[in-house]
Amino acid sequence: MEEQREILEQLKKTLQMLTVEPSKNNQIANEEKEKKENENSWCILEHNYEDIAQEFIDFIYKNPTTYHVVSFFAELLDKHNFKYLSEKSNWQDSIGEDGGKFYTIRNGTNLSAFILGKNWRAEKGVGVIGSHVDALTVKLKPVSFKDTAEGYGRIAVAPYGGTLNELWLDRDLGIGGRLLYKKKGTNEIKSALVDSTPLPVCRIPSLAPHFGKPAEGPFDKEDQTIPVIGFPTPDEEGNEPPTDDEKKSPLFGKHCIHLLRYVAKLAGVEVSELIQMDLDLFDVQKGTIGGIGKHFLFAPRLDDRLCSFAAMIALICYAKDVNTEESDLFSTVTLYDNEEIGSLTRQGAKGGLLESVVERSSSAFTKKPVDLHTVWANSIILSADVNHLYNPNFPEVYLKNHFPVPNVGITLSLDPNGHMATDVVGTALVEELARRNGDKVQYFQIKNNSRSGGTIGPSLASQTGARTIDLGIAQLSMHSIRAATGSKDVGLGVKFFNGFFKHWRSVYDEFGEL
């Protein structure tokens with residue numbers, strides 16, 4: 001479809017803008033080359049799954065932290081005429097009676113984008129896709145300084161979720177995240193995003209097996225998984241003693257001067273101007289299409305940049321189709337932080353950004369309070385999170401007829417004990433949505449002797465009262481530093497989510513009072 005072609009072209013341009021700015025002549029040449037390539041290769045979504053997979057790989061590589069991901073989506077939304085609304089502002093004058101396309105951001109890591117039709121009313125509810133954008137990572141400690149160990153420079157870090165295990169050893173790790181700084185002569189604190197890619201600045205070395213039992217693990221996460229960042233010599237460039245000006249930074253003494261100088265240079269500020277920082281370590285190796293028949297996509301941080309990416313691209317594709325002056329629908333993608341550590345933060349699913357957006361935007365739109373109970377009773381929330389592909393090396397852990405395989409379609413997550421929010425009506429609704437959109441649906445449920453993971457689904461269901469359905473794109477090697485999915489699965493996710501926005505209201509109406 002034409003609108004999906006335009007989205008892919010814009011996505012490519014946005015990804016390029018987030019790297020090195022080319023010269024004008026090179027930029028024109030590249031744009032002409034892209035246009036020609038797109039004219040030859042891009043027709044409709046179903047025939048270009050590999051193109052979408054490659055765009056996803058580039059997106060993952062160029063946006064290694066949650067801050068970068070949300071910033072990227074914000075820029076993409078800007079380019080597609082979504083209007084930014086500050087949470088700190090009054091929305092009454094920003095959302096008119098004609099509705100429109102909007103987004104807001106909390107903490108730089110929690111984003112909600114929405115489309116509000118002119119003819120919407122409370123009885124029409126809201127069509128929601130909720131996902132999480134955080135991924136397992138390693139965090140720099142507030143005081144990361146460590147004395148050198150026989151000349152080795154090291155930094156103190158802490159696991160975010162289930163990391164700093166054997167899977168993180170011997171990986172090329174970059175560093176990136178958000179810096180807060182205050183320029184000299186001003187009182188305004190600003191932020192900057194930094195990213196060392198493609199340079200791996202550190203590594204957590206394993207112990208050779210020749211040393212016997214100490215090399216076997218498990219390893220102490222405090223003392224045996226410390227990243228090594230260098231082996232500096234006294235006379236090398238950049239190893240000069242800290243200057244009096246550098247000592248003025250609140251971070252001086254908390255982090256090694258080499259690291260402070262490095263990240264300050266990335267941000268284009270001076271060490272003395274640094275106020276605070278939130279930095280992650282991450283695998284810098286770029287993802288790739290793999291398998292002898294190109295059936296797979298291998299990349300880091302799939303959980304859950306996978307569903308987040310597919311959902312946001314689907315919303316933007318849908319926005320190209322919808323005329324807000326004629327529409328009676330309210331559609332949103334809301335992306336959360338901190339799912340991997342329980343969601344109980346202001347930027348997590350339990351922080352209530354979705355509920356806030358619906359309440360504030362609906363009352364600004366109607367110019368009067370809206371009965372939110374009516375809104376949520378008529379709404380559908382898709383809790384989109386990755387689930388588990390069948391691993392052929394461990395067939396005994398899977399429930400027969402309840403596991404997905406690659407490159408087939410979206411997977412419903414089911415659990416009779418409430419770890420997933422999907423109910424029988426939700427299952428039937430998804431199957432009908434898939435039928436209308438030409439998609440296939442797979443099931444995933446654990447065996448009785450296994451434990452279930454969790455999603456944001458039960459939280460959103462209990463906080464809103466809306467019917468909530470847990471589903472997602474399936475992957476192998478969940479919570480590994482590198483994982484895999486089907487090479488068609490990103491595109492299949494975009495296709496299904498786009499169909500959800502188009503059809504959810506008419507399908508849900510068929511269920512009446514159920």
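Yeah, the Cβs are placed from backbone N, Cα and C, and that goes for glycine too.
Over in Swiss-Prot, the protein carries these features:
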| type | residues | note |
| --- | --- | --- |
| BINDING | His132, Asp303, Glu339, Glu340, Asp385 | Zn(2+) 1 binding site |
| BINDING | His210, Glu339, Asp385, His388 | substrate binding site |
| BINDING | Asp303, Glu339, Glu340, His479 | Zn(2+) 2 binding site |
| CARBOHYD | Asn107 | N-linked glycosylation site |
| CARBOHYD | Asn110 | N-linked glycosylation site |
| CARBOHYD | Asn448 | N-linked glycosylation site |
| MOD_RES | Ser356 | phosphoserine |
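Within 10 Å of the C-beta of His388 (substrate binding site) there are 20 other C-beta atoms, taking all protein chains into account. Among the recorded positions listed (Asn107, His210, Ser356, Asn448, His479), His479 has its Cα nearest to the Cα of Asp385 (Zn(2+) 1 binding site).
His132 (Zn(2+) 1 binding site) and Asn448 (N-linked glycosylation site) are 27 Å apart (CA-CA, integer value). Long-range neighbours of His210 (substrate binding site) (same chain, six or more residues apart, CB within less than 8 Å of its CB): none. The recorded positions under consideration are Asn107, Asn110, Ser356, Asn448. Their Cβ neighbour counts within 10 Å are lowest for Asn448. His132 (Zn(2+) 1 binding site) sits 16 Å from His388 (substrate binding site), taking the C-alpha atoms as the reference points. Sitting within 8 Å of the Cβ centre of Asp303, Glu339, Glu340, His479, and not among those site residues for Zn(2+) 2, are the Cβ atoms of His132, Asp134, Ala135, Leu136, Gly161, Asp304, Met478. Residues His210, Glu339, Asp385, His388 are the ones the record ties to substrate, and the longest Cα gap between any two of them is 41 Å. For the recorded positions Asn107, Asn110, Ser356, His388, His479, a Cα to Cα distance of within 10 angstroms from Asp303 (Zn(2+) 1 binding site) holds for His479. Under the DSSP three-state reduction, Asp303 (Zn(2+) 1 binding site) is assigned to helix. Comparing CA positions across the recorded positions Asn107, Asn110, Glu340, the one lying closest to His388 (substrate binding site) turns out to be Glu340.
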